[in-house]
Ligand SMILES: *Cc1c(COP(=O)(O)O)cnc(C)c1O
């Protein structure tokens, strides 16, 4: 469900024509839809409402301030994985008491920031991290609200690089070692042990791994309870996928909620979640202009002005992104198989191979679908290419919510040493 549709032959984001945005802002450009963000957040939040927890948007999936503010106004919290993301969430208007800090390697400075801000919860992923957080909290005279992230040893996720819940992954405390870690945590005076967290992976298209993981969480909560350690919070992490391809069947949030209810619903804990991709993925397009059509000896290349540095998912995860022309194709028109590639000097700078598309020519605009999550946030300036601007559409209005930097700005942090001057 999204709000990018053709109208009179032109692709629109809500009530704004994409080519009008490109006219104003240039290409390439990321375009996000407020109505889509809103709908995805609300469907998910409504599904989990009965569990009384937070829905914390995973800022790493889309770190744009205006996007986060849009969600914050709907009641979203934020799941952050660095001090930088914590600052972004606060600047976007997320109240500290709706922020969860995740991640395997928080620095002392990041712990201090989290405690000073007074955030809802810090998810701790190892025993040494428990010890450091305890020390930092004691030095500040506060108690840190913590959950332990456990690793349930469940395989899930759309690609090996985004599977996080197997025991060979770096994440979480092995679930078999968790009871001892909890006993240790409860002995530390600087910690207030609130709950348990899991996050088993990303782009998960099937409910079974969630059920397996949640059942292990259930066992752990009951085992700890029998041991005199009673937890009041469960954090499910994120991970529910989005359809990147037509026909990709992803279970809808109410079905996910049913699994939560059957596995954890009777424990009397508040249950929070940290969705990222699910909220932002289909709410964004990356729009790019065709620069050249190049006839190779065996392939036809569409060379476009976006590249792997702007949207790295195809290069990094062999990910599929739907590609549609901004001018609506003539129905029934024969397609041509294109390799859609960017200008970066790497073979990996390939968005799609042998993709059937309507005939393209230089100057045509195309849109990469489902680019709202792990798109702009993962972009870099590789090849000294400026970061792509981001635009937020709301009904019939749009605004640039991050502009394209100038070359001076891109170079502003660099300095030639005196001996080279
Ligand atoms: C990445 C991440 C998320 C969000 O994952 P999605 O697949 O985008 O929903 C949530 N929680 C943690 C701890 C993460 O690392």
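Counting begins at 1 with the first residue displayed.
Here the Cβ of each residue, glycine as well, is placed from N, Cα and C on the backbone.
Predicted automatically and left uncurated, TrEMBL annotations should be read as such.
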Legend entry - TrEMBL pyridoxal 5'-phosphate site partner of 274, 275, 276, 277, 374, selected from 239, 332, 342: 239
Inset, instruction - Could you check the binding-site residues 274, 346 and say which one's CB has the most other CB atoms within 10 Å? - result: 274
Inset, instruction - Would you mind pulling the longest C-alpha to C-alpha span across 239, 274, 275, 276, 277, 374, which the record has binding pyridoxal 5'-phosphate, in angstrom? - result: 15
Inset, instruction - Check the recorded positions 60, 277, 313 for other C-beta atoms within 10 angstroms of each C-beta and report the one with the most. - result: 277
Inset, instruction - Provide the three-state secondary structure of residue 374 (pyridoxal 5'-phosphate binding site) computed with DSSP. - result: coil
Legend entry - Distance check against residue 276 (pyridoxal 5'-phosphate binding site) for the recorded positions 60, 313, 317, 346, keeping those with Cα within 10 Å: 60
Inset, instruction - Could you check the binding-site residues 317, 374 and say which one's CB has the most other CB atoms within 10 Å? - result: 374
